[in-house]
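Q: In case it's useful when we look at the structure, here is the feature table from Swiss-Prot:
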type	residues	note
SIGNAL	1-22	signal peptide
COMPBIAS	43-59	compositional bias 'Basic residues'
COMPBIAS	90-101	compositional bias 'Polar residues'
COMPBIAS	102-123	compositional bias 'Low complexity'
COMPBIAS	159-183	compositional bias 'Polar residues'
REPEAT	236-257	repeat 'LRR 1'
REPEAT	259-280	repeat 'LRR 2'
REPEAT	283-304	repeat 'LRR 3'
REPEAT	313-334	repeat 'LRR 4'
DOMAIN	361-416	domain 'LRRNT'
REPEAT	443-464	repeat 'LRR 6'
Amino acid sequence: MLAYTHGTWLLLLLLLVAGACARPEIAHTPDPAALGEESTPHAHAHPQARHHHHAHPHAPLKEDEQGTAIPAPILTTDNVGIGETTTASSLAETQSMSDPGSVTDTTSTSTSHSTSTTSTTSPAPLPPAAPEQPEYLKHCFYAEEQLCGHTFDGRAETSEGQGSTVAQSEAQNRGGQGNSQCQCREHPTRPNSWYCCNISQLTMISSCSNISKWTNLHVRNMTVEDMDLSNPIFRSLQSLAVTDGNITRLVNAFPRLSALKCLNISNNNISEIHSRAVKDVPHLEFFGMSNNNLSLVPHRNQNKNITLDISGNMRMLCTPLNEIIYTESINFLNPKHSYCQYNATHTWFQSTDKVSVEQLENRKRCVTNCPVIPNYGSCNCTLENIMIIQDNQSKPQCHVDCSNLGLVELPQRLPDNTFMLNITNNKITSLGDYFHTNPTYHNINRLLADNNQISSIYEFEGTKFIETFQRIYMRNNSLSKIPEYFLNNALMDSGLGRRIYLAGNKLQCDCNSAKTLQNWLKERSSDIPDYMEIRCRNMPQRVIELQEAKLCQSPPDWTDYIYYLIAAEVLLLLALITKVSYDYWVFKTAGYLPWPASKMPKLPCDWLCES
């Protein structure tokens, strides 16, 4: 009979276990008293242990026919609670087989163990290892986005009464939140680093305790009209990130001599920042303000380099931004895709309503690298416009004006991307080999060299300039000859809209000038607007008026008369033959020779005629 009873209880226990496994959705709500008693030891456990407790729900409970609560087996891999839970289940099963009356006590013990094991408030999981950060972000702290969702969603899932108890218990356990309004938590892996979520007023941060010990703070989803930067909660921070919120203005300034090294206010729809907001932050290395509605960047007035991210601010104005670029040491993050709006009266840029920061930086380089020539003065450099090249990539055109300085040679170095060089009204006699060997001359396509003493343009032969130029101004120089290479190659591709100006140069005119140069000027008259003003130095004529017949005559030579001499000899021979024939006819018919022939002495050959 006893064996039968034990078998019945064993069968009943197996059926209950099978039912619990088949219906895992039946959850057990932990006892608040047990939660308060047992949460403290586990709350201070290693974050990894807290993570495992959160990963598994509490064990479901079933009741037997006598109303006794029997726990279902817990299948878990928790490092902390697995031993206790498994042991309790095994013990309950063993006692049920030996003594049915002991099931209730065993079950109660198992339930207590299960509750205490899983009663810890849902802490944040450990984030994955972050990739190595760039140098400018080495002092920046960013809490992972899932930390906010995990921590505060976990609290929301509990009932109203339990949520209050859990919040108070967690605040006491962490020692950092002495007020229930505090919406901040300490980061699980970074010491002295805190994150706050869903902030609607700064008191949700300032109500936390030990704020003075905080080093890093990341606030997500802050929704306020004005954020006061002078609040003491920011005094001791080295890294402050306020992201993904809705803030209208940043008012006031950070405290004097703030320790802040990294500041990120991205993705907040901010439209205004106090002009002196970061003026007294001497150690600031990174300032991220991307994806807002800002039109101005606050001044720093600091000499230290800073990395700045203004991408995504489509209302940013170019004029004040350009002033900051010139006066402060700033490295822009993603300058190709950071844009600003410029005043339409500017002439730097060509047919666009927005300008990239990269173009503004190029303008600064154009000006700061402008040539300064000892004993002569400084050139004037401007970024006149933007030239669109292949793949829609813009390239700045730096124009260098070194006119009226009295230079005797070209500048040694030009700014990068110099497309126009103006050296008019100087005393330059030679172009030298700059267009061959100096890389800063390779992009020039406009050369203004009027009113100098340049005597030759042979230096252009074989250069990139002769292939890509658009304008050459060489008026009123000392050119004596235009080389044949230049004539054959300078205007081969008229599709580039090339123009050459040579008026005021007095060339050495000769037969070759009349034949080759004159024809070249006539054929390319549309590309040489002042071709009518090119004159000769050795005759008072313009090149276009030269006459080939006059210039191409050869000096007198005896070979020119040989044909006349031959013709005269032929005529003389014919006359002699005619005279001899006539005398012979007279002698035969009249018997005497004409008087001239009778006076001539006899020759040895006369006997031929006397026979």
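The count begins at 1 with the first shown residue.
Note that Cβ sites are derived from N, Cα and C of the backbone, with glycine treated the same way.
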Q: Residue list, the repeat 'LRR 2' (259-280) vs rest of chain: Cβ under 8 Å, 6 or more residues beyond ends.
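A: Sequence-distant neighbours of the repeat 'LRR 2' (259-280): 137, 139-142, 222, 229, 234, 236-253, 286-301, 309, 312, 315.
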Q: Summarise the model confidence on the repeat 'LRR 3' (283-304) as a single mean pLDDT, whole number.
A: 89
Q: Would you list the DSSP helix, strand and coil counts for the residues of the repeat 'LRR 4' (313-334)?
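A: Taking the repeat 'LRR 4' (313-334) as a whole: 10 helix, 4 strand, 8 coil.
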